[in-house]
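As recorded in TrEMBL:
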- 327-336: compositional bias 'Acidic residues' (COMPBIAS)
- 290-336: region 'Disordered' (REGION)
- 237-261: transmembrane segment (TRANSMEM)
- 374-394: transmembrane segment (TRANSMEM)
- 428-446: transmembrane segment (TRANSMEM)
- 474-495: transmembrane segment (TRANSMEM)
- 501-520: transmembrane segment (TRANSMEM)
- 532-551: transmembrane segment (TRANSMEM)
- 557-579: transmembrane segment (TRANSMEM)
- 618-637: transmembrane segment (TRANSMEM)
- 643-664: transmembrane segment (TRANSMEM)
- 676-696: transmembrane segment (TRANSMEM)
- 727-746: transmembrane segment (TRANSMEM)
Amino acid sequence: VDAVRVYVNSSSENLQYPVLFVVRQQKGVLSWQVPLIFRGLYQRTYNYQEVSRTLCPSEPTPETGPSDQIIFVDVSSMAPFNVAYELLVTRLENFQLETNKAFNFTASPSQPQYFLYKFPQDVDSVIIKVVSDAVYPCSVVSVQDIVCPVYDLDHNVEFNGVYQSMTKQAAITVQRKDFPGEQFFVVFVIKPEDYACGGSVPSSIHGNVNRTWNLQRMKNLQVTIVPSIKKSVYVQAMFFSFLSFLSFYLGSVVVAFVHYISTDMKLTVPFGSVSIAGSGIMTSSHPITASTPEGSSYGAIDESGSSGGHQLSSPERGPPAGSDTDSSVEEESDFDTMPEIESDKNVIRTKVFLYLSDLSRKDRRIVSKKYKIYFWNIITIAVFYALPVIQLVITYQTVVNVTGNQDICYYNFMCAHPLGVLSAFNNILSNVGHMLLGFLFLLIVLRRDILHRRAMEMKDVYTLDYGIPKHFGLFYAMGIALMMEGVLSACYHVCPNYSNFQFDTSFMYMIAGLCMLKLYQTRHPDINASAYSAYASFAVVICLAVLGVVFGKNDMWFWVIFSMIHVLASLALSTQIYYMGRFKIGKCSDLGIFRRAAMVLYTDCIQQCSRPMYMDRMVLLIVGNLVNWSFAIFGLVYRPRDFASYILGIFICNLLLYLAFYIIMKLRSSEKLLPIPLFCIVATAVVWAAALYFFFQTLSSWEETPAESREKNRQCILLGFFDDHDIWHFLSAAALFFSFLVLLTLDDDLDAVRRDKIPVF
């Protein structure tokens with residue numbers, strides 16, 4: 001294909017009488033003026049006296065064959081005086097780009113360039129890679145169909161085809177099916193200003209409007225067109241994704257089979273020492289009593305007080321196992337189920353040394369139903385949250401496909417493999433691990449739940465006080481949350497940008513919160529937060545995240561208010577944890593509220609400053625408050641733009657702190673870590689470390705402009721299909737799964753220990 005380029009130059013700078021150039025061809029007309037005027041921000045104007053344009057080529061048809069092309073160039077001006085100009089018409093030698101061959105050229109705002117590319121016979125998809133050594137001037141890369149005229153100026157380049165802004169790097173994936181003629185134009189336009197690429201913004205609308213910019217915004221570019229991956233790579237990537245996580249299913253089946261064999265052998269032992277590890281229930285050969293064992297110390301409370309507590313709880317045991325049916329008596333409520341012993345409850349929960357038997361006195365059926373509400377509520381939340389999100393991201397993807405504006409979504413364009421209407425299928429496929437492992441965790445929890453129920457039906461263990469109380473509602477909720485994290489992360493990666501990043505983090509907040517609640521519930525089953533309170537708190541956090549996205553960039557007032565809320569919430573939660581929910585300072589209308597608060601402060605903080613009543617809890621809460629106050633100060637000083645990740649960091653740090661405290665206190669209390677939870681802890685640490693390594697390999701950033709974000713784009717590193725962030729998805733799914741297994745199995749060593757010997761911390 002022959003192409004002709006027209007170069008014109010005029011020494012006249014008179015904007016009132018420009019020189020007009022009109023080029024007439026067989027199938028079109030192209031016109032421009034000299035000086036050529038570009039408009040920027042604040043209506044600033046930039047004048048160019050040198051203009052060079054490529055004429056739209058006409059390919060000879062089989063009917064006519066090669067023939068000469070007739071081109072008319074009309075030059076005119078309304079100037080009342082003579083105007084000198086220069087006109088040069090040249091034939092382009094390298095108009096057609098070749099596959100896997102780099103081509104270097106130069107462009108400027110008044111001298112755009114475009115080239116032709118034809119698909120080879122065996123190539124269905126190609127990637128156009130453009131690089132430059134200089135960041136500025138800002139440029140635009142566009143892919144347009146073979147249609148005249150070609151839109152190759154700053155004010156019209158967005159009218160047709162697919163385009164993206166560029167500083168040092170750009171990449172556009174083009175598929176043969178999108179171009180019936182199996183060929184397209186690659187257009188390169190240099191913008192008159194750099195603000196679209198993150199450059200400096202003009203300070204005012206004033207300036208030298210007659211200034212000539214001919215030689216100051218030239219940019220050297222290199223374009224290379226390489227074949228993209230074949231369809232077989234898509235199939236291999238999908239097989240790899242599913243088989244990798246189905247191997248977890250296989251491993252779980254093997255563990256379950258080994259456990260079944262070992263359990264079957266143990267069932268041959270006489271009843272006195274039957275062990276059912278999977279259900280977490282173990283009976284013992286020594287006599288079963290409800291009294292406190294000898295030698296137990298509750299500080300100021302004698303043994304009879306604790307014994308009385310067990311006796312009081314006996315009538316609440318209710319019917320035997322198997323009668324876990326719905327009843328108006330068993331419905332969940334926010335009030336305490338032990339109002340008749342309110343004074344006794346206040347005494348028990350404020351003892352210096354607490355044991356699990358003191359905080360597991362309520363009817364198990366009622367408490368179990370209370371925690372099942374977590375499961376049903378999170379399903380409702382997931383449906384109502386996910387459906388609008390899916391609708392929104394489909395709209396985003398549609399806008400990208402219709403307008404061709406690839407600056408809307410922040411992909412890793414060097415490794416973005418389209419499939420159907422999706423622009424980056426690999427980023428979506430890599431989230432399948434969250435869904436598969438979340439479902440597997442639900443199956444593991446269901447198995448434990450079923451075995452636990454069978455054990456209770458066989459041995460009538462409602463009268464037994466052994467091990468950690470088994471309530472699986474929170475575990476089911478965690479499994480659903482893990483699956484929804486995969487769904488919403490996939491939705492976010494349909495079109496990742498600043499506006500929808502909270503979709504990727506919302507259920508991460510819930511996962512971290514549910515894990516902390518489960519860890520606390522383990523040894524505080526009677527006083528843990530209700531599902532309604534917990535989800536209401538999560539709703540407040542998500543509202544703050546949305547406000548942070550809107551106002552958190554530069555508004556100081558938002559950070560002041562948020563930091564105050566953060567610090568006050570930390571103090572309020574610390575008070576409730578320290579006093580086991582028994583801290584009350586009276587009604588707001590009571591004038592003695594301040595006197596009561598001052599008395600508590602004096603008694604517990606000043607009078608006993610050398611030795612707090614609850615030393616372990618005090619150490620945890622002091623460290624926790626220092627961490628949270630540090631986060632509040634950091635946010636107030638630096639005001640990070642990524643507010644959603646900032647909140648997620650607060651949740652994760654608090655969860656890690658509490659988990660570390662729990663494990664330390666467990667070992668300090670001479671409890672054991674069995675092989676399975678120990679393996680899960682090690683696996684969690686190793687996989688999280690590997691996952692975070694890939695997480696911090698930043699491949700894009702919506703905190704910057706789209707052009708600046710593309711400077712971070714990298715090639716695929718796994719199977720030629722997945723990039724670093726995809727591997728983060730794979731590893732983080734496995735890490736979350738192992739983290740859940742840690743919480744599920746951490747206290748399996750206590751199944752044969754009486755609850756009045758299990759300390760609370």
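Every residue number used here counts from 1 along the chain in the order it is shown.
Any Cβ shown, glycine's included, is placed from N, Cα and C.
Because TrEMBL annotations are produced automatically, they should be read as predictions rather than curated entries.
Remember, predicted model here, so these are calculated numbers, not experimental data.
Across the candidate stretches 374-394, 428-446, 618-637, the maximum count of CB pairs under 8 A to the transmembrane segment (501-520) is reached by 374-394. Contact check: the transmembrane segment (474-495) against the transmembrane segment (727-746) gives at least three Cβ pairs closer than 8 Å, residues 6 or more apart, which meets the contact criterion.
Counted as Cβ pairs under 8 Å, contacts with the transmembrane segment (557-579) are highest for 618-637 among 237-261, 532-551, 618-637. By the Cβ criterion (distance under 8 Å, sequence gap of 6 or more), the transmembrane segment (237-261) is not counted as touching the transmembrane segment (532-551), fewer than 3 such pairs being found.
Counting residues 6+ beyond its ends, the transmembrane segment (428-446) has Cβ neighbours under 8 Å at 237-238, 241-242, 244-246, 248-249, 252, 422, 472, 475-476, 478-487, 489-490, 493-494, 722, 725-727, 729-730, 732-734, 736-737, 740-741, 744 in the same chain. Listed stretches 532-551, 676-696, 727-746 were compared with the transmembrane segment (374-394); the greatest number of C-beta pairs under 8 angstroms is found for 532-551. Within its own chain, the transmembrane segment (676-696) is flanked in space by residues 255, 663, 724-725, 727-728, 731-732, 734-735, 738-739, 741-742, 745-746, 748, which lie at least six positions past its ends and keep a Cβ under 8 Å from the stretch. Long-range contacts of the transmembrane segment (727-746) within the same chain: residues 241, 244-245, 248, 427, 430-431, 433-434, 436-438, 440-441, 444-445, 448, 475, 478-479, 482, 485-486, 489, 511, 515, 518-519, 522, 659, 662-663, 666, 673-674, 676-677, 680-681, 683-684, 687-688, 690-691, 694-695, 697, 717-718, each at least 6 residues beyond the stretch ends and with a Cβ under 8 Å from a Cβ of the stretch.
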